[in-house]
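Engineer: Quick one: this structure, given as structure tokens, is what I'll be asking you about.
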């Protein structure tokens, strides 16, 4: 049964229109956030108003539990939130409460594919797990490890249902106790005691979609449970991605289907769109259309289930595993913030790169014109140096080095946002309404 606070939260979200299908995610950390003097949660608390003002609906927070690695991605004592390098449990709860007070949902970074043990067994292998509570919750032994993870297991568990994670024991998610106790832990994170609303599933390649479905259905996250499924794209002999990436996006769509499809909260990060954009903005914008005239990523097939992004803590930040061309980052945001799908803004770009105002302006255009994850897309131009698209008949956007695309802009549209290599137009009626709102707001001061 929902508590009064939870019911109030749901009502607030409905009033803010978040139930309409439009989500603006914000990744609220990077790879180095754990180093923050005074704690990352406290720093982020001071930025809540800026995040709210930008139209964000969901903030993705780092893994909250004790971890062998400082960033949180090698978790051990899952119930121990005070051992996090990002701050204390009370600081986390205060941050989530502040977000809720502004109508923003909090996404927990859920790392359950693998887990680090506290103690060695009689073989001298680290495979005795401590849950972080005085009782026996999540206190596991080697029989909770997949038997094909021979470095750690005792050979009695089930086979792994997904990809191997070599650095830590792969947990046996077919074990009933594992499923029940991890579900209970997630429900605890979602309860009033902590307050998370939704999930980001780390390394979801490590366990089957059917396993993910167990946790999603067992915890009913509010609005989304977005999976990280980062697989290699198809590359040509020139080292660039092949034009056709249908197999890559099909794997992402298949995962959504297998966790429950439309009826499920399951979603995926659109790594297909990310990979194509990385190359397209370097003078190959013809890549941004598929053979059917649609967007070439997951947003071209199932946009409601796609979370689009420019960079994250892995691809960008200090890891730089797959970075977006740094001089064209705003072209990436002009694309994802005007197109179908559920866009995610990266902390670094918003706060550290000085792009806050430009990104917020694009979000404002999106929200002012009612662009959502399922908006219609008409691609008007896809040349090497220019890409132009119309969204819902209300917004037109352009990215690329070509300056003049005026012949493609329909009559009755007004320039709403622009910067290096991008421009966005909206119908004059929307622009006038926005101006009237600003005028009336100023008059009331």
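Note: Cβ is positioned from N, Cα and C throughout, glycine not excepted.
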Engineer: Looking at Swiss-Prot, which one out of 148, 149, 192 binds Ca(2+) 3 in the same site as 164, 165, 168, 170?
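Structural biologist: Swiss-Prot lists 164, 165, 168, 170 binding Ca(2+) 3, and from 148, 149, 192 it also lists 149.
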Engineer: Let me know which member of 113, 244 Swiss-Prot also records as binding Ca(2+) 1 at the site of 160, 163, 170, 206.
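Structural biologist: Swiss-Prot names 113 for this Ca(2+) 1 site.
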Engineer: Near the Ca(2+) 3 site, what residues other than 149, 164, 165, 168, 170 in the same chain have a C-beta no further than 8 Å from the centroid of the listed C-beta atoms?
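Structural biologist: Other same-chain residues with Cβ inside the cutoff are 113, 114, 146, 152, 160, 166, 167, 169, 206.
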Engineer: Can you list the residues of the same chain, besides 130, 133, 135, 139, whose Cβ falls within 8 Å of the Ca(2+) 2 site's Cβ centroid?
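Structural biologist: Filtered neighbour residues, in order: 79, 131, 132, 134, 136, 137, 138.
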Engineer: Quiz question: given the binding-site residues 163, 168, 415, which has the greatest number of C-beta atoms lying within 10 angstroms of its own C-beta?
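Structural biologist: Going through 163, 168, 415 one by one, the largest Cβ count within 10 Å is at 168.
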Engineer: For 135, 164, 202, listed as recorded positions, tell me which one has the smallest number of other Cβ atoms within 10 Å.
Structural biologist: 135
Engineer: Looking only at 149, 228, the recorded positions on record, which one has the least crowded Cβ, with the fewest other Cβ atoms within 10 Å?
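Structural biologist: Taking 149, 228 as the recorded positions, the minimal 10 Å Cβ count falls on 228.
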